[in-house]
């Protein structure tokens, strides 16, 4: 991957490994969308658009030769730069076990937030509709644990009516979930009751959304399409610091909105 220019960086193999490993650790916990949507690819840096399998006919009816354009989603290319102190990185070679990578860590969190923003809320300029865009798939939910369980049962009833199989997953705002746990009563934990309702699915708490949604994880309904997966490259050297960047190319497609239900508190 020459475009990353990693071989030009004044960094050792051990330093690159530490940077990559730390970024991977944070991405693993902060990429909430990837915990329940299908991930396709990566198809490579040159993959510029994802075909939608449709043709928009643009020719007139009276034309002998009919023609149109194939529909596709252009990939979003993101790039976020950060700097690291070279002397601090050299401390890694001296045996220091916990070098300061705070600039990297903060940038990784911002990149993860951007990807999740596209998955949940979409990106109008790139033609992406996010999961929360489908207001017609919304049901109201009260503020008690009983209300939550009833809303999940209603959501599953809608899935059954629409022929959407499970397992099902509850994606819920972290603070909302904590408040439900505080209010739960009885000897049987709320978490267990919810998991039983979801029929083999799971509970994902996230700060990315204000309310909640129930989704089917049967597969094929929500696709995160990757060209170049999250990667770190070299940009420049600034005296005693090195400027690096995180890049990714991707798009997101809701293939079947019937596989999600929004819960509005």
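Note that Cβ sites are derived from N, Cα and C of the backbone, with glycine treated the same way.
What Swiss-Prot says about this one:
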| type | residues | note |
| --- | --- | --- |
| BINDING | 79, 80, 81, 87, 235 | FMN binding site |
| REGION | 184-189 | region 'Pore-forming loop' |
Q | In the chain carrying residue 235 (FMN binding site), residues 6 or more apart in sequence that have Cβ under 8 angstroms from it | A | 5, 81, 243, 244, 245
Q. Across the region 'Pore-forming loop' (184-189), what does the pLDDT come to on average, as a whole number?
A. 75
Q) Do any residues at least six apart in sequence from residue 80 (FMN binding site), in the same chain, have a Cβ closer than 8 Å to its Cβ, and if so which, in order? A) 107, 110, 111, 245, 246, 247
Q. Just counting, how many other CB atoms are there within 10 A of the CB of residue 87 (FMN binding site)?
A. 10
Q) When you measure from the Cβ of residue 79 (FMN binding site), which residues in the chain that are at least 6 apart have a Cβ under 8 Å away? A) 245, 246, 247
Q: Count the Cβ atoms, other than its own, that fall within 10 Å of the Cβ of residue 81 (FMN binding site), considering every protein chain shown.
A: 14
